[in-house]
Each structure stands twice: as structure tokens, then as C-alpha cells.
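Undergrad: As annotated in Swiss-Prot:
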COMPBIAS  1-92  compositional bias 'Polar residues'
DISULFID  Cys301-Cys356  disulfide bond
DISULFID  Cys323-Cys370  disulfide bond
DISULFID  Cys332-Cys386  disulfide bond
DISULFID  Cys336-Cys388  disulfide bond
DOMAIN    169-234  domain 'VWFC'
DOMAIN    301-392  domain 'CTCK'
REGION    1-93  region '8 X 11 AA tandem repeats of G-E-S-T-P-A-P-S-E-T-T'
REGION    1-101  region 'Disordered'
REPEAT    1-7  repeat '1'
REPEAT    8-18  repeat '2'
REPEAT    19-29  repeat '3'
REPEAT    30-40  repeat '4'
REPEAT    41-51  repeat '5'
REPEAT    52-62  repeat '6'
REPEAT    66-76  repeat '7'
REPEAT    83-93  repeat '8'
Amino acid sequence: PAPSETTGESTPAPSETTGESTPAPSETTGESTPAPSETTGESTPAPSETTGESTPAPSETTVPSGESTPAPSETTVPSVPSGESTPAPSETTELRIIPPEVSTVAVPVTTGQITPAVTTEHSTEEILTLPPPVVGPVLPAKPTVDISKYTNTTTTKSTVPTTTIPPKATCCGSSGESVQAGHMWQTGCDVCTCNGTSGKTQCAPRQCEKEIICKSDERRVLRKPGKSCCGYCEPLTCKHNGTEYKLGATFIDKSNPCITYRCDASGLTVNVKSCPNEQVCSKSERTYDSDGCCFSCDTSCKPVPATVGIQGEYDYQNEKTNCSANIIMAKCSGQCQHKLTYDTIDNKVVTKCRCCKADRVEPRKAHLVCDNGKKKIYKYKHITSCKCTSCTAYNIRL
């Protein structure tokens, strides 16, 4: 059998590199350079296949465990403590493993014998080649800025006594609710504030933006809660006995018709009316003017209507019965002029009185109603005219 092919020289190229890649060498005639897998601490020889009997011819020399150098595919970056950051280098360190040089010696072969190939190991030394480290920014473990010059290194103990601020008091609001200190609200025409120190409510009149200017026929009302807090103008009016009168109105005093009031801008003015040629007569003989203040006595003697009640007892079919009725008659009314004369004999003033009396009459009838339901005819004289005559004259019988 032909011996298995032995690798003349083998140069492993790592399958993975970080940062830079190393290409595998090209194949040469008579020599094959396989690309080994990742190197671990030991290499296991791959026995060659033989016909009949197999004699292992290791293609790779076993590397002693004491001299094995792992070829990591990736570079391990040391961990950085908390608070410090170290940037990773831009290029990964390349680990290059140079395997020992192996040579094969040809041995004469006798017919019928299988002679394994003899492998002579010239060197078992492994060389680890590292590129120069890449210099990059490295954060220091401690800050490089000296902050001592920005701070006061001397420590002084404060001697200022600490004071405890008491909680702010609350106040009672307009509706009885509790309000916080400094809270403001409006009640009527006042603005109230809660005093947080004393817990009392302080109120002051509301401040108005502009002054109210009224016309000559108006007056200024300063404050009227519910209508205006800053004042307003209203027409001038006058009040008398609970009645309000507009500006320029006139009215008569109800208790004294001779007094007239007038409502002016300055208030009420009073005018008392005087009655000329006052006369003396009974109230029934007075005729008043339109104001009801002055009157004149009726000097004309004339008949005026008067209601007279008539009642009597009468015989009706031999029975007595009471009959009565109210009849509208006439009477003489008016004032007659009196005459004054001087008596030279008695040396005194004599008054001649004249009275208003009936001058003419006419007969009339009236119906009286009796208790038995019957009616009785009553005859009387109705005055149709009057005149002033001497008071001693006899009266006309009615």
C-alpha cells in the first residue's frame, strides 16, 4: 500500500480575526496546506487511510500540553470598573501561531513490508507575535480638573439659630367655609383677604377705576350693594311723607291745602297761599276754589235739596198702623248781607239781620209705606224759591 500523503509544511491561518483578516496561502504543487479550525490547547492527529493494515501516520505533531498556546479568534477586552470608561482599540491584536517545521525522510521499501513514513520534527517552538498597541483616549480613573479652587475648603459651623415656621392659619369665608391664608374674595362691595398670621379676615372697600360724574338733574349714589359698588347716577327726586316725586313736580299738602310743595334740584320748596276777602259763614255755605284752600260764602239765597224722614200713625179700616218714608224736599240756603246802623238815641251800633227764607212753594205728594203693607199718600209743600228777608218775618209753614 502507498503511504498516505504527508503534509510537507502546514501553516494554519486562523479562521476568524477581528479588525484585520489574514488570507490563507495558496496551494503549491505536491504540498497541501489545509486551513485548520480554531486551535485549542491540543491538536488531534488525523490518521491516514491504508489498505489492509493501517499504520497511523500523524499529519500533525502533537503539541505538548505544557507548551500549547491557544489562538483565540476574538480578543477579550477587560472589563472596566463602574464609573470609568475605557474605549476599545480600533484594531484587534493579531495572534499568529507558527507551527513546528516538519520534514519527511524517504525510507527504502522492501517487497511485502509496509514501512511507515518517518517524520522528523525539527522545531516545536511556537512564536507569539503581537502588533504594537494602539494609543487612544483613555479616561482617567479620577477627574483631572481640580475643583478645589472652585470650592471653599474651609468649613465653618453656622451659628445662626434655626427657627421653625408655624403653619399658616386659616380664616372663615363668607359662607362659613374654611379658606387658606392669602385667599381673596368679594363680599358685597368689600374685598376680603385671609391673614395667615392672625387667622382673621380683613375687608376693605373695593377700589373703583374711574370717578362717576353726574348731570345737573342727577345725583350720585356712592354705594348700593347688589346694584353698584362704584357708584352711579340717578335722577333727582324728592320724598314727602313716604311718597317720591320727580324733579319739577308740584303737589299740595294733604293735611293743609293752602301749602304747595315743589321739587327742585336743591330739594323741596314750600309755598303758602293766602286767601283775600275772607268771609265768615257756615261750612255748608262755603264754596272752595280748585285747590280747596280759599272759599267764598254763597250770598245768593236759593233752595237746595234736602232729605227729610216722615213717619206717622194712621187709621186704616178702623185699625191704626204706622207709616213712614224718606222724601227729598228743598230748603233755603245762602248768606244774606247784614246791615249795620248807628242808633243816635242809644248811641250804639245796631245790626239788622237778614235771613234766607222761602219765597214760593208748591204742593206735592209722597207715598208712605205702612206696617200692614199698604201705602198712604202724604201731601206737603215744596219750596221752589227763596229770598233774603228780615229775620223777624214769619216762617212759611211747610
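In case you wondered, yes, glycine gets a Cβ from its N, Cα and C as well.
These figures come from a predicted structure and were not determined experimentally.
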Undergrad: DSSP on the domain 'VWFC' (169-234): how many residues come out helix, how many strand, how many coil?
TA: 0 helix, 27 strand, 39 coil
Undergrad: Please give me the disulfide-bonded residues out of Cys323, Cys332, Cys370, Cys386 that lie within 10 Å of Cys301 (disulfide bond), comparing Cα atoms only.
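TA: Neighbours among disulfide-bonded residues, in sequence order: Cys332, Cys386.
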Undergrad: DSSP-wise, what's the residue breakdown of the domain 'CTCK' (301-392) into helix, strand and coil?
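TA: Here the numbers are 0 helix, 71 strand, 21 coil.
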Undergrad: Where the distance is taken from Cα to Cα, which of the disulfide-bonded residues Cys323, Cys332, Cys356, Cys370 turns out closest to Cys388 (disulfide bond)?
TA: Cys356
Undergrad: Under a criterion of Cβ-Cβ distance under 8 Å and sequence separation of at least 6, what residues of the same chain contact Cys356 (disulfide bond)?
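TA: Once residues fewer than 6 apart are set aside, Cys356 (disulfide bond) is near Cys301, Lys302, Cys332, Ser333, Gly334, Gln335, Cys336, Cys386, Lys387, Cys388.
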Undergrad: Which has the fewest other Cβ atoms within 10 Å: Cys301, Cys323, Cys370, the disulfide-bonded residues listed?
TA: Cys370
Undergrad: Among the disulfide-bonded residues listed here, Cys332, Cys336, Cys386, which has the most company in the form of other Cβ atoms within 10 Å of its Cβ?
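TA: Of the disulfide-bonded residues Cys332, Cys336, Cys386, the highest Cβ count within 10 Å belongs to Cys386.
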Undergrad: Enter the number of other CB atoms within 10 angstroms of the CB of Cys388 (disulfide bond).
TA: 19
